[in-house]
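K.L.:
This is the feature table in TrEMBL:
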DOMAIN    510-560  domain 'Cationic amino acid transporter C-terminal'
TRANSMEM  35-57  transmembrane segment
TRANSMEM  63-83  transmembrane segment
TRANSMEM  95-116  transmembrane segment
TRANSMEM  185-209  transmembrane segment
TRANSMEM  229-252  transmembrane segment
TRANSMEM  273-298  transmembrane segment
TRANSMEM  318-346  transmembrane segment
TRANSMEM  367-388  transmembrane segment
TRANSMEM  394-413  transmembrane segment
TRANSMEM  454-473  transmembrane segment
TRANSMEM  479-500  transmembrane segment
TRANSMEM  537-557  transmembrane segment
Amino acid sequence: MTVMAKFWNALTRRKTDDVNEGESQLARVLNLFDLTALGVGSTLGLGVYVLAGQVAYNIAGPAVTISFLIAAVASAFAGICYAEFAARVPKAGSAYVYSYVTIGEFVAFTIGWNLILEYVIGTASVARGLSGYFDALIDNNMSKALNESMHMDVGFLGDYPDFLSFGMVLLLAGILAFGAKESSFLNNIFTCVNLVTICIVLVAGAMNANADNWRIPQDQVPEGFGTGGFMPFGLAGVMAGAAKCFFGFVGFDCIATTGEEAINPKRNIPLSIVISLIIIFLAYFGVSTVLTMMLPYYLQDRDAPFPHAFDVVGWITIKWIVTIGAVFALCTSLLGAMFPLPRILYAMGNDGILFKRLSKVHPYTKTPLIATIVSGIFASIMAMLFNLDQLVDMMSIGTLLAYTIVAICVLVLRYQDEDMTKLVSVKAPNVFRQFFNGHSYREPNSLTSNITKVGIVVFAVVCLVWCSLQKAFDLDSTGGIVSLSLVGVVLILIGVVIGMQPVSTIELTFKVPLVPFVPCLSVFANLYLMFQLDLNTWIRFLIWIVIGYVIYFCYGLRNSTQISRNRNHAEVAANALQQQSNNYLGQHENRAFEPDFKAENGVKLPPFEYSEKL
């Protein structure tokens with residue numbers, strides 16, 4: 001085997017269970033309620049109390065409700081893909097493990113490294129948002145004092161070191177290190193307080209709602225705030241708002257990282273993902289509706305919209321109830337954002353593609369203690385040094401890429417040939433005929449599986465072409481409409497070709513409906529939202545990826561435990577083959593000796609003498 005072939009095999013080696021590995025050291029203590037509360041708590045934080053006002057203020061106006069709906073649909077596509085994978089692979093590590101099992105080690109490392117970025121920045125951004133929310137309630141006295149005494153004049157950092165964010169993240173890391181059940185109990189309490197607060201907001205906001213705030217004439221709108229009405233910034237504003245609102249749905253995937261700590265994970269993880277997404281969307285849609293009806297969009301407060309809105313309408317008591325609930329909600333979101341990070345580090349350390357000490361589980365707390373401490377220190381430093389806007393955009397790009405890979409993995413597995421011995425001719429006529437299942441195959445084989453894989457790659461490339469054309473052309477121009485329509489037709493045809501191939505019949509507790517269209521729509525939506533992010537975000541993202549690849553090629557490629565797993569599988573297979581060979585030879589040798597012993601010198605021996613001869 002050539003060097004390049006060995007290198008390619010190393011990059012594409014897939015995760016298998018080691019025949020010599022024991023049970024997971026993590027404790028299975030999380031039930032359906034715990035998992036749902038974890039998903040809701042980690043998601044319903046910054047989005048409800050800050051993001052709705054920010055997007056309504058100068059991005060989408062009252063149409064922020066539509067922005068949340070679009071973001072919810074994109075997240076739902078990703079969510080049900082996660083749910084199917086959780087039913088297939090109930091292991092700690094989320095999309096990292098899913099891609100490792102189905103695609104290969106290099107792609108898995110890329111996803112795992114992006115998930116580390118997502119959860120670190122998610123933790124830091126929520127901590128920074130909580131600090132900003134608290135600061136807004138005390139008339140920005142904290143930020144003023146720190147800005148005057150410790151101002152940082154560096155372009156890519158915040159204006160001042162945020163020590164409150166730093167301390168909160170370290171405190172939460174300590175709580176998480178104590179145990180999964182204990183931190184989950186605290187999360188459940190905070191989440192219940194959060195949901196009660198949201199219900200109060202919806203009822204009190206509805207009582208002060210004024211539908212005229214969705215129909216403000218253009219002559220009453222201040223300069224720089226669009227054209228008034230329901231969509232003051234047009235369709236472009238709604239889509240830009242959707243890209244921002246997508247951040248509000250990031251967090252449900254933390255449920256999928258608990259595969260080794262969940263009770264009955266193949267049932268409870270998919271169910272909790274679906275339930276939490278429904279609760280999250282209803283909360284966001286309701287909150288953004290009452291907020292924009294209570295107060296004109298151009299009068300919203302970007303840092304603390306609800307306290308400001310209730311202050312304007314004179315409901316001071318509700319203002320403080322909402323404020324206290326928001327602090328609890330942001331604490332919940334902080335806990336939920338940080339919960340998956342040590343699990344990702346644990347999973348990657350356990351597989352040897354990150355430093356193996358990260359996989360050490362404390363015998364008393366049954367948690368990855370070193371990974372929790374490292375992630376707490378890393379996230380707290382990020383929270384202290386960077387501002388919220390820089391953190392949010394970087395978080396979205398890593399999350400969207402992870403969602404895209406998960407959707408692709410669902411397609412690969414659903415159409416994968418389980419029996420690798422069923423080889424079919426790949427001559428051109430057979431291939432073209434099979435595009436629309438002309439051979440009427442009922443189960444996947446090598447031909448249909450390869451057609452699907454190539455189709456998925458082509459679909460992703462054409463999606464990139466569509467997104468590039470959408471950026472290059474004006475949607476109102478004839479050239480833009482024609483080119484986007486033609487590429488759209490190609491995408492639909494590719495989806496139809498994939499859909500015509502036979503699917504795997506393996507039974508699962510949860511399956512993505514309408515395959516391949518739901519995963520294909522997920523890929524398309526995620527790539528579209530990635531193209532809405534600015535150039536600086538892409539540059540920071542590429543720098544992070546380069547750092548990760550240096551670690552992988554210098555350490556992970558050589559220390560991957562999959563090397564020993566493959567060796568163990570090969571040894572077991574060789575021993576089994578040798579045993580079969582020995583049994584076969586032994587049987588034939590016994591048969592060969594029987595006539596000689598039974599008729600030695602022409603005299604038939606008694607049975608006991610025959611056995612002694614043997």
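Cβ coordinates are placed from backbone N, Cα and C, and glycine is handled just like the others.
Describe the structural surroundings of these features, if you would.
P.N.:
Sequence-distant neighbours of the transmembrane segment (35-57) (same chain, 6+ residues past either end, Cβ-Cβ under 8 Å): 64, 67-68, 125-126, 129, 132-133, 184, 187-188, 190-192, 194-195, 198, 241, 244-245, 247-252, 254-255, 258, 262, 268-269, 272-273, 275-277, 279-280, 283-284, 287-288, 291-292, 297-298, 300-306, 308, 326, 329-330, 332-337, 339.
With a threshold of 8 Å between CB atoms, the same-chain residues lying at least 6 positions outside the transmembrane segment (95-116) that come near it are 10-15, 82, 85, 88-89, 253, 256, 259, 340-341, 344-345, 347-348, 351, 353-354, 398-399, 401-403, 405-406, 408-409, 412-413, 416, 544-545, 548, 552, 556, 560, 562.
Nonlocal intrachain contacts for the transmembrane segment (229-252), taken as residues 6+ away from its ends with a CB within less than 8 angstroms of a stretch CB, comprise 39, 42-43, 45-48, 51, 54-55, 58-64, 66-68, 70-72, 74-75, 79, 82, 118, 122, 214-218, 221, 273, 276-277, 280-281, 284, 297, 333, 336-337, 392, 395-396, 399-400, 475, 529, 532-533.
Long-range contacts of the transmembrane segment (273-298) within the same chain, counting only residues at least 6 positions beyond its ends with a Cβ under 8 Å from a Cβ of the stretch, are 35-36, 39-40, 43-44, 47-48, 52-53, 56-58, 61-62, 64-65, 68-69, 72, 75-76, 79-80, 82-83, 86, 195, 198, 201-202, 205-206, 208-211, 213-214, 216, 221-222, 225, 232, 245, 248-249, 252, 255-256, 305-306, 308-309, 312-313.
Here the transmembrane segment (367-388) has long-range neighbours at 26, 119-121, 123-125, 127-129, 131-132, 152, 156-159, 161-163, 165-170, 172-174, 176-180, 338, 341-343, 345-346, 349, 357-361, meaning same-chain residues at least 6 beyond its ends whose C-beta is under 8 angstroms from one of its own.
Cβ atoms under 8 Å from those of the transmembrane segment (454-473) belong to residues 404, 408, 411-412, 479-480, 483-484, 487-488, 490-491, 494-495, 497-498, 520, 523-524, 527-528, 530-531 of the same chain, restricted to positions at least 6 beyond its ends.
Nonlocal intrachain contacts for the transmembrane segment (479-500), taken as residues 6+ away from its ends with a CB within less than 8 angstroms of a stretch CB, comprise 411, 415, 435-437, 451-452, 455-456, 458-459, 462-463, 465-466, 469-470, 473, 515-517, 520, 524.
Sequence-distant contacts of the transmembrane segment (537-557), counting only residues of its own chain at least 6 positions beyond either end whose CB sits under 8 Å from a CB of the stretch, comprise 10, 106, 109-110, 113-114, 117, 352-355, 393-394, 396-398.
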K.L.:
Is the transmembrane segment (185-209) packed against any residues at least 6 beyond its ends, judged by a Cβ distance under 8 Å, and which are they?
P.N.:
33-34, 37-38, 40-41, 44-45, 48, 175, 279, 283, 286-287, 289-291, 293-294, 306, 309-310, 313, 315, 318, 321-322, 324-326, 328-329, 331-332, 335-336, 339
K.L.:
So, by DSSP, how many helix, strand and coil residues make up the domain 'Cationic amino acid transporter C-terminal' (510-560)?
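P.N.:
Helix/strand/coil tally for the domain 'Cationic amino acid transporter C-terminal' (510-560): 39 helix, 0 strand, 12 coil.
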K.L.:
May I ask for the residues of the chain that lie six or more residues beyond the transmembrane segment (318-346) and have a Cβ under 8 Å from a Cβ within it?
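P.N.:
Contacts with the transmembrane segment (318-346): 38-39, 41-46, 48-49, 92-94, 96, 112, 115-116, 119-120, 122-123, 125-127, 129-130, 133-134, 137, 168-169, 172-173, 175-176, 183, 186-187, 190-191, 193-194, 196-198, 200-201, 204, 251, 253-254, 257-258, 304, 306-307, 310-311, 354, 358-359, 361, 367-368, 371-372, 374-376, 379.
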